[in-house]
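Asks: Dumping the structure here so I can ask a few things about it.
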């Protein structure tokens, strides 16, 4: 298993290119199942989750070609050979459930494995299923699979009232609604930029959609969708992560392709902490000149609030802030697993349920730490950039799911970082 070694060595300076959003791309790829015409995605990220979605689509008979070193994906679902998404692939990635709505809408039937780790009665996937049932789908859950059939004549437009905001369920309902008969209204829809990006792509394919980016989306179903070429939106989580690198270490870094509207709530917190963010026309320039950052309080919320996927990285910054910060996690449970690892580096953090209190210290010290998930892994790397001495991060395979060339990008702005093969004991 690989490890990443980070040595704190002062301010960073330079440029970091930001790639297309993984979470957007994972929703855009299944949109190929809505049409028999080619769909081309540009600015695609090169990540393990993208390869998993590629394998899933190919198992259904879709063609997926990776061009220009993986930055362009050419997809075609002209002749599907299967409508069954097997557990062996679906268990690797929850986004696999996004093939359900498109297959059901276009061909009237689908069999999709439930994602791994779903506890009965509290499954996030229930919101996806409720939306499709509202559109007339007949769903039968047996042996770990959803067996779905559309009514004769296809899915029907419906009013869908989500009791909770769900990005994935909004995406599934949105794609299914494009080919449903009549009008579909999605209430309490997710407002994330990835939803807006999906709607823009579907509109390029011929869909009639209004209201994306608000909590109510209206879709007028059409008979068929065509092909399109669509650029994947910038990854706002990767953007925020790399913006934190100079915030933690000092220096000045320009994140190419960055946009304020994607990270507005995050930028407000950086401003409170004393970090300067400037739009340049090519991206966002982030700088921290002198002294410690100020403590700030953070509450994670659905977009346009502070994103839960930047909470761990923000905690790394606040570990050395002047004063005490409180982070409240309102999206996911058990999202503070990085806190004990940061404590190994000298951070003073108290966790009580969904709250973490961070008492800023002057300096972190390098230590061996273990990544527990994708965002935790990068938060430990960021902390290591500003720590005294050497930090060794184990279990970094999580990184490959969400960050492309993280070592190369950080090294390009002056970080002392390398990835090595872990040496086994004995």
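Glycine too: its Cβ is placed from the backbone N, Cα and C atoms.
Below are the features I grabbed from Swiss-Prot:
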- 22, 23: phosphoenolpyruvate binding site (BINDING)
- 94, 123, 124, 125, 126, 127, 309, 331: UDP-N-acetyl-alpha-D-glucosamine binding site (BINDING)
- 118: 2-(S-cysteinyl)pyruvic acid O-phosphothioketal (MOD_RES)
- 118: active site, proton donor (ACT_SITE)
Asks: Write down the Cα-Cα distance for residue 22 (phosphoenolpyruvate binding site) and residue 94 (UDP-N-acetyl-alpha-D-glucosamine binding site), rounded and given in Å.
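Replies: Counting only the Cα atoms, the answer is 13 Å.
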Asks: Within its own chain, what residues at least 6 apart in sequence put their Cβ under 8 Å from the Cβ of residue 331 (UDP-N-acetyl-alpha-D-glucosamine binding site), listed in sequence order?
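Replies: Same-chain residues close to residue 331 (UDP-N-acetyl-alpha-D-glucosamine binding site) (Cβ under 8 Å, separated by 6 or more) are 300, 301, 302, 308.
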Asks: For residue 127 (UDP-N-acetyl-alpha-D-glucosamine binding site), just count the other CB atoms lying within 10 A of its CB, please.
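Replies: Taking every protein chain into account, the count is 20.
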Asks: Write out the long-range same-chain contacts of residue 23 (phosphoenolpyruvate binding site), meaning residues 6 or more apart in sequence whose Cβ is under 8 Å from its Cβ.
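Replies: Those within reach of residue 23 (phosphoenolpyruvate binding site), by Cβ under 8 Å and sequence separation of 6 or more, are 95, 167, 192, 194, 235, 237.
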Asks: May I ask for the distance between residue 127 (UDP-N-acetyl-alpha-D-glucosamine binding site) and residue 22 (phosphoenolpyruvate binding site), taken between their Cα atoms and rounded to an integer number of Å?
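Replies: That comes out at 22 Å between the alpha carbons.
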Asks: Taking the Cα atoms as reference points, how far is residue 309 (UDP-N-acetyl-alpha-D-glucosamine binding site) from residue 22 (phosphoenolpyruvate binding site) in Å?
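Replies: Between the alpha carbons of residue 309 (UDP-N-acetyl-alpha-D-glucosamine binding site) and residue 22 (phosphoenolpyruvate binding site) there are 12 Å.
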Asks: When you tally the Cβ atoms that lie within 10 Å of each candidate's Cβ, which of the binding-site residues (22, 94) has the highest tally?
Replies: 22
Asks: Translate the DSSP assignment of residue 331 (UDP-N-acetyl-alpha-D-glucosamine binding site) into the three-state scheme.
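Replies: Residue 331 (UDP-N-acetyl-alpha-D-glucosamine binding site) sits in coil per DSSP, no helix or strand.
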Asks: Fewest neighbouring Cβ atoms within 10 Å: which of the binding-site residues 125, 126, 309?
Replies: 126
